[in-house]
Structure formats: C-alpha cells, structure tokens
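The structure appears right after this line, and notes come after that.
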Amino acid sequence: GLFVTDYFTRTPRKLSPFRSFASIELFHFHIPEDTVIAVWNLITFKEQGGTFGDQCPDRSITVYFRSGAPSVINPLHTHFPRDTAVPGSFALTLTWTLPNRTTGVFNVTSPLPGDWFLAAHLPKDEGKISVKGLYEECQYLFQPQLIVQRLVNIAVLYPGHVTEQTMGPHNRSCLYKVFVPSYTSRVLVEVLRCRGAEGCPLWLRVRAKAPPLHNSTTLDCWEHTPCQLAQDLPFWQHWYYVLVEKHAGVPGTVSFQVTVQLTDCSRPSLARPPFLPSSASMNMPHSFGSAGGLALGDSPPPTSPNDTKHPVPIPVTSHAGERCWPVRPTLRNELDTFSVHFYIFFGPNVSVPPDRPAVFVINLLPVLDSGGVLNLELRLNVSSLCGENVTVFGCLNHEVPLTSSDNTSVTCETESLAGFLLSVNATASLSRLRIPYPQTGSWYLSLRSLCATEHGFEPCTNVTAEVYLRAYLSPCINDCGIYGQCKLLRTNNYLYAACECKAGWNGWGCTDNAEAFSYGFQLLSTLLLCLSNVMFVPPVAIAVRSHYLLEAAVYIFTMFFSTFYHACDQPGIVVFCIMEYDVLQFCDFLGSLMSVWVTVIAMARLQPIVKQASVLYLLGAMLLSMALQMDRHGLWNLLGPSLFALGIMAVAWTARTIRRRHCYPPTWKRWAFYLCPGALIAAAAVLLYAFVETEENYFYIHSIWHLLIAGSVGFLLPPRAKPSRRLGPLPRRKGCGYQLCVNEQEELGLVDPAVASINSICTS
C-alpha cells in the first residue's frame, strides 16, 4: 500500500513537581484513521537563567499515555473516592543521557485513531517556599513530537459481497476494512476458495478501529476449514480491519476470496442486505476512504479479474446475543462547562421488566466531555418488588450494549468487551459509579432484574422493578469536598478539570486523610499566624510615645490586615474572611512594605524642608502600590524600597557625620543597644523568610517572621526628638526688612547646645 507520513509537534512547557493533577502538563494529539505506526519523540532539556542548565540536578520525568481521554494517574499511591472506576494508562520514565538534554522514544504499532493525551510531571519535592527572583531556578522543559505513518487507499469490504485477491510471491499480506453500523450483533469474516502451493497457508486477523496486531483475534486457515472468524458484540459505528497474511516461508502465489457478513440484531432472522437505498439506512459514512470505492446507493462497480465483487447467499443461523432490544435515548441538558445532565424520556423512574433488559444510551461529545467525571446513580424503589428477593443489575459499556441472552449472567465483560457492573436490591438500594476522564462516544447502560434463589440468580416472574436513574457529567468528584478546590484547566484548546487539595488531604477527590491536618492543628496554626501580629503593639506604643503618629498608623494598618489575611489564607476549615482574599493579600503586602519604608525614613531624621508634607511617605506608598500590582511575590518588591530607603538614610547620616565631623549617631549606647540588635533581628527574619520557610513549617516559621519583624521595628525606631531651644534673639538688622532666626533642634539629644546653626530665614 501507499504510506503517508504526518508530523505533529507541541511547544516546550515547563514541568512542575507533582502535587495533584492540576500540577501536570497535558498535551493533546490527534491520530488519524488507518495509522499503522505512531512514534512519539520525547525531548527534555534543562534551563537556568536563560542558558543550558548543566549544573541542574537530574530529576526523573514521568510521562503517561492514554487514548480517548487524559490519564487518571496516581503517582503518590493515594486512595480514590468510593465507587470510582480508574481507567488504565501507560507510564514511561525518562532518564538523562546528557548533562542538559535527554530524548525518549515511544512507539505504538497500529494505534487507536482519535484523541491521544500525554501527561508529564516531575517527582514530588519537599515543598520549599522560595522567594521569586532570589536565585536562578532550574527549569525542566518537555516537548513531545509525534510522527505517524498511515495507509491510504485501503480496500473496503462490503457486507454480503466477495472480494477476490491474488497475493504474489513478494507480497506478505493484504489489509481490508469494513464498517460496522449500529444494531450489529455479529461480524463474520470468511476466506473462501483459498488456493496455494500447499493448502491454504494464510492467517486471518480481525481488529476493531485499527489494523490488527500479532495479539489480535487470529485464525489459522491452514488448520481450519472453513476459515471463518466471528466477532460477537462488535463495536457499533466503527471500522473493523481484516488482515490476511501469508505464513512465513511460503513460496509462490496464493489466491483467495474474502467475504464479510453482518448480523442485524434488530431483525435476528435476517442478515443485512447487500445494498441499501442510501447510506443513512446503514449509518455508514459517505466516504469509505478507498479511491473509487463503492458508495451506498450506487450499483456495484464492474468486475475485474483480480478484484471481483458479487452477491453471495447469506446463511441465517442462530447465535447467542443476536437479538438486541430497543435503546432509549437520553436528553442532553448543558448547564455549564462539564456540568451536563442526561434526562431520560418519561423518567427518571425506569421500569425494568422481568423478561427483557432496559437499555439506555448516553452520548459524550468528542473532546468536550472527556475532561470531567461521568456519574451514574441507581436507586431501587423497594416497594415495587412486592416482597420478592429481586436484584437489578446494570452494565455500563462503551460503544456497544452488553445484552447477553443468558439471563442468569451477572458479568459485564466478554473476551473483547469490558464494562462496569452496578447492582441494587432491597438491602443495598443505592449504587453509584464515577468514571473520571471518560472516553467520549456512546455509553450504553443495560438494566436487568434477576431473582436470587438457592441455586443462584434466575429470571423473575411477574415482578417489574422500578429504579431511579440519574446520569450526569460533573467537573470533579463531589466538587473536591471541603478540603479541595475544583479547578478548570486548559491546554491549548482542550479544557479539563482537576482537584487541588489542601490541609494535608490528598487523592483524586481530596478524600485521602492519611496526611491530613487535624482540626486542632488547623486551629493552632491559624492562631499562631494571627496572634503573632500582636507583636506590633509595642512598636505602635513606642511610635505614639515618640510622636511618630504616621508610623504608628502604618503599623496598625499592617497588624490589622496581616491578622485577617492569614485568617482567610488558611487551607483547612478554620477560615475567616472579612473581605475578598485578593484585597486582604494586597493590603497585607502593602502594609508590610510600608512598615519597612516608614521605619527607615524615620531613622534618617530628614530636615523639615525635605520631610514637609510627607513627600517621601506619599511617594513610597504610590510606588509600592504600583510594584505590588505588577508582581506581589517578586524579590525586588521587598529589596527595592528597602534599599532605596536605606540609601536615603545613609546619605542623611553621612551628611550629618561630615558636617559635624563626628560619627552619627555618636554614642555607642545607641549602636550597641538599639541599632545593632534591631539590624540583627531584621536580618534573621529575612534569612528565615528566604531560605528556611517550607510548606510544612510555614505556620510557625512565618509566625516567627512576624515576631522578629515587629521586634526589629521596636529597636530601630528612633526616639522622640527633643524640643528645639533658641539662643537669645539676634539684633535686628535695619534696612532690609528681614531678621535672621535661629532654629536649633537637637537630633537624638546628641547635638552640642553650644553649637548654633542658622538654618532658616523668617520674615519680620
């Protein structure tokens, strides 16, 4: 056949340590039909400070693959919520082959067509809280690339017609496909008139949705006569691929005929006719994917020596499961993103007769519905059982209903079909099922009522059970409970939802309490973070006593909003918010930075002409508000105003030192008992905040940060300035109409009273 190669790539993304599914990076690909091989090239590289991160440590990267929907992963081995079905996926761990780059390759032969999802993450870290911009962080970037090779012009088999084929010496196999419409209970593929050098040296393989593999359903035509391969309960509305392959080492030419028969379960006594008036009658697509292929409603093409198609008689036999029951549709009601209710006509109470099952279909839209949770709930009306020991079984299967003719069967699986089982009875009248990230398409629910006897389950007589049925799509399981937050996430044009847990709770629905914080622990952490702000009361008292009223107001503002911000910022249930969280956070950050600003400006003891109208205080408030609006967690939001204020203080102190020819402040007591201890306490607080604080020790390390910062303010705030003393009035000079006034202010009580400086001019 003719092969076509397609190439797909995605933009590199930064990987994060795993905490929940909300911290993973999800990549969405689409594999076309008739793909024979898909190769994922997984590229990972390190970066640090805009360059290659050769010095970054090697951290393993785990990649998950799943077809149809995102992978439901559990790398921390936490417990899933009750009644949750966990679909499987394939995981791959990448190891580093170069100091700053590694590449992995993942091959899939004959992959299923449609949506494929890749999820990648780093291992869980210790949860260190780092200050943004303090050092160059190691970044691990991941970029997947997909190369697919697909066949074109695959020959199409038409039910009830024979296709003749001759396989030359150099040909190993022939590939065909046939479309299976709805209400098909059986697919029968048969090889006829096989002629080769030695009997019929052919393998017959059949697979749904994609070309067959070595482990697909296989039959050796050499050992079986006639060579017939049947598939019961095939997937509806999908292509089935038929591969006829020669045995290894068989010389010469092999000729054979292939035919396919489809059994219509809505009419078990009839097989599907060779041709129908239109494609809609058979629910087949108008395009068959084969150049010059037969479209339904057309006449058969002219026969050819190598590829002839003509009707053959279809024997009608009775097989288990041929008969199917009417499928009741559901009404889709979209309320919001991943919030969809499926209503049953003449429901939600459903009658389940004793002699036949009740079948319902739930249609999930491609891409749109696979990022949520499919919820199913069955509630039995016990009063409808009339005292009988009745059990209602429900089988939820994807793309085909499981309606076995064996009424005593309580399984929802076959050799090629897997499903989910629900059951309700008089003892347990409620049953739930949750499927996170369900595959899209049609889901069929089959309800049957059986009576329990000494010999097992048997069909009931004259008892019609009534069941309340509820099916809906939700973003998260139980909205992640009280210890989690359901987040709506997006990767390119694909939306999905995931829980982000808090207060030590884990799991897919935040229901695993193995590491959960107790209520007492939550209360203690909240009280520590809130009450540690009381340490600002002494600085407020000192500021008021020293007539620093503006500084005292800033300290009160900081103490108030820091207290209520931490009361609102708690992860558990001990939470109290007086305002919106964003407002409290902004005011807390602004108050903290303004406290540093006004304290250092007060220490500078600027001259009145500079400090007039609180120019620097107002300028600092405006600049800090702007910086916090740009980035609240940046390093320079803290260092910038602090260094600028320290620069102003250093200039003011240096000017006084030069003017007075004496170190300022001049007394060793001021340095030894106030300035040095205050600076050391502030430095210790900054070191704890920047290098020691983690998520586990946050509540007491940050409380210590509050205590140290407030304590340093009490040490660093300068004392009250002594009242100014005037020297005797100078004699008034005549003629100019002005007099010189002396305004001597002893700063910190350290200026020699005998030294008088004329620093102001007063009008007479």
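Any Cβ shown, glycine's included, is placed from N, Cα and C.
Per TrEMBL, domain 'EGF-like' is recorded for 499-510. Mean model confidence of the domain 'EGF-like' (499-510) amounts to 91 (pLDDT, 0 to 100 scale).
For the transmembrane segment (516-536), same-chain residues at least 6 beyond its ends with a Cβ under 8 Å from one of its own Cβ atoms are 483, 503-505, 555-556, 558-559, 562-564, 566-567, 570-575, 699-700, 702-704, 706-707, 710-711, 713. The transmembrane segment annotation in TrEMBL covers 516-536 (among others).
According to TrEMBL, the feature transmembrane segment maps to 548-567 (among others).
Tertiary proximity for the transmembrane segment (573-597) is limited to same-chain residues at least six positions away from its ends with a CB under 8 Å from its CB atoms, namely 482-483, 503, 519, 522-523, 526, 554-555, 557-559, 561-562, 564-567, 617, 620-621, 624-625, 628-629, 632, 637-638, 641-642, 645, 709, 713. Residues or ranges marked as transmembrane segment in TrEMBL: 573-597 (among others).
Look at TrEMBL and you will find 609-628 (among others) tagged as transmembrane segment.
The transmembrane segment annotation in TrEMBL covers 634-655 (among others). Same-chain residues lying 6 or more positions outside the transmembrane segment (634-655) and placing a CB less than 8 Å from one of its CB atoms are 131-134, 589, 593, 596-597, 600-601, 603-606, 616, 620, 623-624, 627-628, 664-665.
Under the heading transmembrane segment, TrEMBL lists 671-692 (among others).
TrEMBL lists 698-717 (among others) with the feature transmembrane segment.
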Tally of DSSP helical, extended and coil residues in the domain 'EGF-like' (499-510): 0 helix, 4 strand, 8 coil
